[in-house]
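Structure below; questions to follow.
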Amino acid sequence: MAPENFTRVTEFILTGVSSCPELQIPLFLVFLVLYGLTMAGNLGIITLTSVDSRLQTPMYFFLQHLALINLGNSTVIAPKMLINFLVKKKTTSFYECATQLGGFLFFIVSEVIMLALMAYDRYVAICNPLLYMVVVSRRLCLLLVSLTYLYGFSTAIVVSSYVFSVSYCSSNIINHFYCDNVPLLALSCSDTYLPETVVFISAATNVVGSLIIVLVSYFNIVLSILKICSSEGRKKAFSTCASHMMAVTIFYGTLLFMYVQPRSNHSLDTDDKMASVFYTLVIPMLNPLIYSLRNKDVKTALQRFMTNLCYSFKTM
């Protein structure tokens, strides 16, 4: 229990990616470039899937929302992180910290579910191509995406409420570059068993549950591809899901390393911070590249968009 006489924490201090003063400006420039590329890439995907009529399919509808989620996830983290590289006292208020944690949880949970939906979409497209447009209808897509955001929001509210229901009255130094569950609970001066349990169950349920959907979908996809007689047909079928397979492997590998571990009262180590950098900033930057460079439809749509844009400027 928390002691009777204490001063309640009103602000937190973030240690950041590195405490070395000489690295602050170089790190600022590196992460500024990362965030800039993330913004450009994901906004590009959102724009292309919105304006190009050939990309108005369920596959690209889900990709559009994945790009939106990636954009939101990095925006919750990056701006504050960049500011902290330039200031000596890296403080964040209690409510600002709670808002950042809630926003991060909303987007990361939504991304986990969205990747599972995209795997199911690829499963139907390859295993049941004749029924694809009937099964994965526009109405169903809207419903699934809406439920994804609703579930992400509900999870964020519940988990962040439990994390901030405990007392913070001793140290206020968060060993991280943003407000996250594990380093926050390590600072609490009250019993953290319940919030730690909620965090662990939520993370394990979301990651393992969605991972099962992904694995089952791709197991059936592989079986269907192996049944295709021609090598050209197998190559074409594989190419439709290769980008998503790569994105899923990178994302789940990093997330499993980070979150599916026994409860601990210890704050994050350097490896955990690097994993956090990877899935909050690097993966949102990589996804547009993965889905565009390995996708003929997206590359063709980009060429059409740039051609039309250049033509519009010439006729002005």
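Heads up, the Cβ atoms here are built off N, Cα and C, so glycines get one too.
Annotations per Swiss-Prot:
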DISULFID  Cys97-Cys189  disulfide bond
CARBOHYD  Asn5  N-linked glycosylation site
TOPO_DOM  1-25  topological domain 'Extracellular'
TOPO_DOM  47-54  topological domain 'Cytoplasmic'
TOPO_DOM  76-99  topological domain 'Extracellular'
TOPO_DOM  121-139  topological domain 'Cytoplasmic'
TOPO_DOM  161-197  topological domain 'Extracellular'
TOPO_DOM  218-237  topological domain 'Cytoplasmic'
TOPO_DOM  259-272  topological domain 'Extracellular'
TOPO_DOM  294-316  topological domain 'Cytoplasmic'
TRANSMEM  26-46  transmembrane segment
TRANSMEM  55-75  transmembrane segment
TRANSMEM  100-120  transmembrane segment
TRANSMEM  140-160  transmembrane segment
TRANSMEM  198-217  transmembrane segment
TRANSMEM  238-258  transmembrane segment
TRANSMEM  273-293  transmembrane segment
According to DSSP, collapsed to three classes, what secondary structure does Cys189 (disulfide bond) have?
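In the DSSP reduction, Cys189 (disulfide bond) maps to coil.
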Under 8 Å Cβ to Cβ from Cys97 (disulfide bond), same chain, six or more residues apart: give me those in sequence order, or none if nothing qualifies.
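Listed in sequence order: Phe12, Ile174, Cys179, Leu184.
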Is it the case that the transmembrane segment (140-160) and the transmembrane segment (55-75) have 3 or more CB pairs under 8 Å, with pairs at least 6 apart in sequence?
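By the criterion, they touch.
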With DSSP helix as H/G/I and strand as E/B, how many residues of the topological domain 'Extracellular' (76-99) fall in helix, strand and coil?
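Going by DSSP assignments, the topological domain 'Extracellular' (76-99) contains 17 helix, 3 strand, 4 coil.
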Ten-angstrom check, please: count other Cβ atoms within 10 Å of the Cβ of Cys189 (disulfide bond), all chains counted.
17
Can you tell me which parts of the same chain pack against the topological domain 'Cytoplasmic' (294-316), counting only residues 6+ beyond its ends and a CB-CB cutoff under 8 A?
44-45, 47-48, 51-52, 54-55, 60, 239, 242-243, 246
Apart from its near flanks, which chain residues at least 6 from the ends of the topological domain 'Cytoplasmic' (218-237) lie with a Cβ under 8 angstroms of it?
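Apart from its flanks, the topological domain 'Cytoplasmic' (218-237) reaches 119, 122-123, 126-127, 245.
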At a C-beta cut-off of under 8 Å, are there same-chain residues at least 6 beyond the topological domain 'Extracellular' (76-99) that contact it? List them, or none.
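Tertiary neighbours of the topological domain 'Extracellular' (76-99) are 9-17, 24-25, 27-28, 31-32, 34-35, 38, 107, 160, 164, 168, 174, 177-179, 184, 280-281.
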For the topological domain 'Cytoplasmic' (218-237), DSSP counts of helix, strand and coil?
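Secondary-structure breakdown of the topological domain 'Cytoplasmic' (218-237): 17 helix, 0 strand, 3 coil.
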Which bits of the chain, at least 6 residues beyond where the topological domain 'Cytoplasmic' (121-139) starts or stops, bring a Cβ under 8 A of a Cβ in it?
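That would be 58-59, 61-62, 217-218, 220-221, 224-225, 237, 240-241, 244.
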